Amino acid sequence: WIMGHMVNAIEQVDEFLNLGANAIEFDIDFDKDGIAQITHHGIPCDCGRKCTKKAIFTEYLDNIRQVTTPDDPKFREQLVLLALDLKLQRISSAKAYRAGEDVAKKLLDHYWQRGNSRARAYILLNIPSVEDYEFIRAFKDTLKNEGYESYNDKVGINFTGNEDLDKIRDVLEILGIHKQVWQADGITSCFARGTERLKEALEKRDTPGYNYINKVYAWTLVRKSIMRRSLRLGVDGVMSNNPDRVIKVLKEKEFADKFRLATYNDNPWEKFRG
């Protein structure tokens with residue numbers, strides 16, 4: 001999976017897909033009451049990027065629904081995964097449950113259209129900290145209460161704050177989540193980061209019977225040397241400001257026979273068995 005990073009303006013969706021991304025990440029900004037308002041990162045952000053692009057969240061969902069719906073004029077077959085980077089760190093942790101309710105309802109109304117949409121992308125909920133786990137509880141409660149619990153099959157969980165992996169496991173255990181879990185490891189493209197935690201996540205992913213990590217990705221990679229390093233370690237995905245660079249690296253002799261771009265037929269919740 002090649003995730004286009006910080007795709008917050010509607011016009012950026014095609015831009016990143018044209019560069020080779022098959023997944024996009026966008027930031028969701030909330031008001032003080034936990035209501036999702038806009039797709040927006042804000043300052044500071046990655047080096048060399050404009051941090052202020054944005055869209056109204058519901059309008060963004062309406063557009064991305066079309067982009068991921070077969071036979072729609074806007075349909076782009078390659079886009080199979082949407083990563084929602086939830087800016088919960090900007091609101092009170094007491095509002096995390098309200099935020100989870102709101103995002104679930106907006107996805108129901110504007111993306112899935114309560115069963116009337118054929119939009120098919122998988123959804124990854126990127127949570128900044130284990131302290132915000134009530135968002136996940138609320139999201140799942142809302143799908144159940146609204147009568148659309150089946151959409152849980154399309155939704156995965158990912159904690160992005162580089163926290164202790166055992167602490168993340170404990171929170172997932174509290175929530176009763178034993179599947180559909182991704183694990184991110186990374187840092188803004190402005191800085192270098194070692195591989196110790198990334199290696200630990202990959203080791204846990206590959207441990208038989210360990211159900212708290214199905215996929216691992218590294219972020220935000222812009223240098224080809226770091227992309228190569230991550231691929232050699234065996235990541236499932238790369239988040240990048242430059243998907244075209246990832247494409248070029250994947251075509252190199254070292255990687256061409258080992259990796260390919262994920263398609264809709266690849267289940268993002270299953271561990272890869274090479």
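Heads up, the Cβ atoms here are built off N, Cα and C, so glycines get one too.
Since this is a predicted model, take the numbers as computed values, not measurements.
Disulfide connectivity taken from Swiss-Prot links CYS51 to one of CYS45, CYS190, namely CYS45. Binding of Mg(2+) is attributed by Swiss-Prot to GLU25, ASP27, and within the candidate set ASP72, ASP85, ASP102 the record adds ASP85 to that site.
Under the DSSP three-state reduction, ASP27 (Mg(2+) binding site) is assigned to strand. Listed in sequence order, ASP46, CYS47 are the same-chain residues at least 6 apart in sequence whose CB falls under 8 Å from the CB of CYS190 (disulfide bond).
There are 23 other CB atoms within 10 A of the CB of HIS41 (active site, nucleophile), with all protein chains counted. The recorded positions close to GLU25 (Mg(2+) binding site), defined as a CA atom within 10 A of its CA, are HIS5 out of HIS5, HIS41, CYS45, CYS51.
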